[in-house]
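*Asks:* One structure, as structure tokens, below. Some questions next.
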Ligand SMILES: NC(=O)c1ccc[n+]([C@@H]2O[C@H](COP(=O)([O-])OP(=O)(O)OC[C@H]3O[C@@H](n4cnc5c(N)ncnc54)[C@H](O)[C@@H]3O)[C@@H](O)[C@H]2O)c1
């Protein structure tokens with residue numbers, strides 16, 4: 001019903017709007033109930049929940065403010081603690097053995113191959129790519145190219161799981177047994193009712209890839225995306241429904257963290273995938289007694305090896321890694337360990353110049369959604385109390401903007417801290433604190449200080465991404481062999497960011513660590529191993545009752 005209303009509203013807007021506005025609506029995809037260009041303080045958008053096959057509102061609207069001007073521009077129907085019953089009932093309808101598994105409703109694997117094919121095709125239409133890129137920009141401001149890349153990765157992911165590729169995810173194996181009629185089969189089994197919680201920084205890619213992985217393997221997920229950006233996934237779910245996603249297969253909830261926490265405790269999903277901060281990750285791991293997979297904070301390091309080459313290229317990758325999306329990638333370069341050989345290469349000057357090209361107008365630098373300007377300045381000032389530290393560039397708030405004060409607005413910033421100081425116990429925690437904004441620490445090491453660099457990497461808690469920038473095979477081998485980060489790039493073109501659909505992305509060194517993107521990630525996160533040992537006989541004619549053992 002509300003879908004109908006929204007589309008009627010849309011038609012009315014189309015009728016009454018001036019020409020430019022009409023033309024924008026004409027380019028709005030058929031499944032959409034919003035137009036990224038039209039959403040504003042005077043024409044706010046609504047985000048609903050989806051439960052037990054219907055779109056629903058709630059008693060409470062949470063207003064989201066436009067990160068660029070502070071206008072209340074989106075209202076989200078946030079479910080309250082007293083309203084979670086329908087979500088609990090919905091999850092409880094899914095048995096532990098899932099909606100499908102290798103021995104139940106296998107045709108659903110094929111159905112999901114078809115849904116993926118249709119969704120990949122629809123998402124690949126230029127107007128749909130553009131629609132999602134622009135919608136992402138409105139709520140999680142980043143350059144058009146960065147937003148478009150997020151949509152393209154999502155589209156390629158869907159292409160990867162067309163046809164028979166979903167059923168291949170559930171490939172089983174058989175091992176011959178000890179006697180005739182016996183064999184063991186290993187299966188990938190779903191968990192059944194599951195939950196997915198995702199953050200604000202990749203409004204489409206993270207929730208979509210995890211949602212599809214959960215569904216492919218036969219689970220029934222309830223999805224919660226950070227309300228600041230959940231409009232993007234709300235529209236994507238409408239696209240998926242248009243592509244044949246059965247309405248009862250998943251639910252979509254908007255709520256604050258506390259209500260979601262309550263739902264998890266009361267509905268008892270068999271597995272929860274959490275992507276977000278380590279603080280919440282640890283709370284959920286304890287609350288849910290370990291029934292979690294985690295993609296949490298990243299304090300991502302890059303080591304420049306002794307072989308200096310391709311300085312312009314390396315400087316550009318450093319700039320992209322540290323400051324694209326205003327540093328709000330969990331894979332963003334947080335600390336740069338630079339071999340002294342690079343000092344005279346002009347690398348830092350080049351990085352400074354590149355950082356100065358970034359501007360608010362094209363969102364190559366922009367609002368920081370979870371760290372205020374004051375908090376970033378305070379962190380920087382604390383770092384500057386460390387002996388020998390200094391601001392390399394940036395270090396100031398952005399000027400001439402209307403970004404509301406609840407968000408941060410900071411120039412791309414690099415602070416130098418001497419390596420020996422980083423390692424001091426009083427300083428280490430401070431220096432390795434993740435600042436989810438355009439902020440990095442830079443340090444230098446000499447030939448005989450590689451051990452100190454590796455000690456720093458060993459002492460860090462988050463082991464998400466890393467880059468070893470060198471083409472010296474022995475250097476690479478040494479550093480790779482003595483580090484653990486789950487997604488590590490190695491070679492002169494190494495970067496810390498980049499989570500395309502074609503390689504695993506996720507932390508290592510933690511048994512709770514999840515992954516995203518690849519078949520291995522889907523199987524690890526969204527299925528468990530089940531072994532069925534067939535032993536059908538015949539019992540040999542010569543069999544006689546053995547003595548007791
Ligand atoms: N490892 C990865 O793949 C990855 C990817 C993106 C972001 N991140 C991390 O996410 C963080 C940035 O996101 P954030 O600050 O918005 O994270 P956050 O932990 O504050 O929020 C993440 C999500 O959890 C929800 N939430 C908060 N408290 C909850 C609770 N008690 N129970 C259930 N849900 C709850 C939020 O509403 C949101 O949807 C950074 O630390 C970043 O490194 C990690």
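From the backbone N, Cα and C atoms, a Cβ is placed for every residue, glycine too.
Pulled these from TrEMBL:
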BINDING   198, 224, 261, 277  NAD(+) binding site
DOMAIN    64-489  domain 'Aldehyde dehydrogenase'
*Asks:* With a radius of 8 angstroms around the mean position of the C-beta atoms of 198, 224, 261, 277, what other residues of the same chain does the NAD(+) site pick up?
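*Replies:* For the NAD(+) site, the extra neighbours are 197, 199, 226, 257, 260, 274, 275, 276, 280, 284.
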*Asks:* Let me know the model's mean pLDDT on the domain 'Aldehyde dehydrogenase' (64-489).
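*Replies:* Mean pLDDT, the domain 'Aldehyde dehydrogenase' (64-489): 98.
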*Asks:* Look up residue 277 (NAD(+) binding site) in the DSSP assignment and reduce it to helix, strand or coil.
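*Replies:* Going by the DSSP assignment, residue 277 (NAD(+) binding site) belongs to neither helix nor strand, so it counts as coil.
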*Asks:* Counting only residues 6+ apart in the same chain, whose Cβ is under 8 Å from the Cβ of residue 261 (NAD(+) binding site)?
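*Replies:* Spatial neighbours, sequence-distant, of residue 261 (NAD(+) binding site): 283, 284, 287.
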*Asks:* Just how spread out is the NAD(+) site if you go by the largest Cα to Cα distance in Å among 198, 224, 261, 277?
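*Replies:* In whole numbers, the farthest two Cα atoms are 15 Å apart.
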*Asks:* Once the chains shown are all counted, how many other Cβ atoms turn up within 10 Å of the Cβ of residue 224 (NAD(+) binding site)?
*Replies:* 29
*Asks:* Under 8 Å between C-beta atoms and at least six apart in sequence, can you list the same-chain neighbours of residue 198 (NAD(+) binding site), or say none if there are none?
*Replies:* 206, 207, 210, 223, 224, 225, 226, 275, 276
*Asks:* Long-range same-chain neighbours of residue 277 (NAD(+) binding site), Cβ under 8 Å, sequence gap at least 6?
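*Replies:* Same-chain residues close to residue 277 (NAD(+) binding site) (Cβ under 8 Å, separated by 6 or more) are 199, 296, 297.
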*Asks:* What kind of secondary structure is residue 261 (NAD(+) binding site) part of, going by DSSP in three states?
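*Replies:* Its secondary structure by DSSP: helix.
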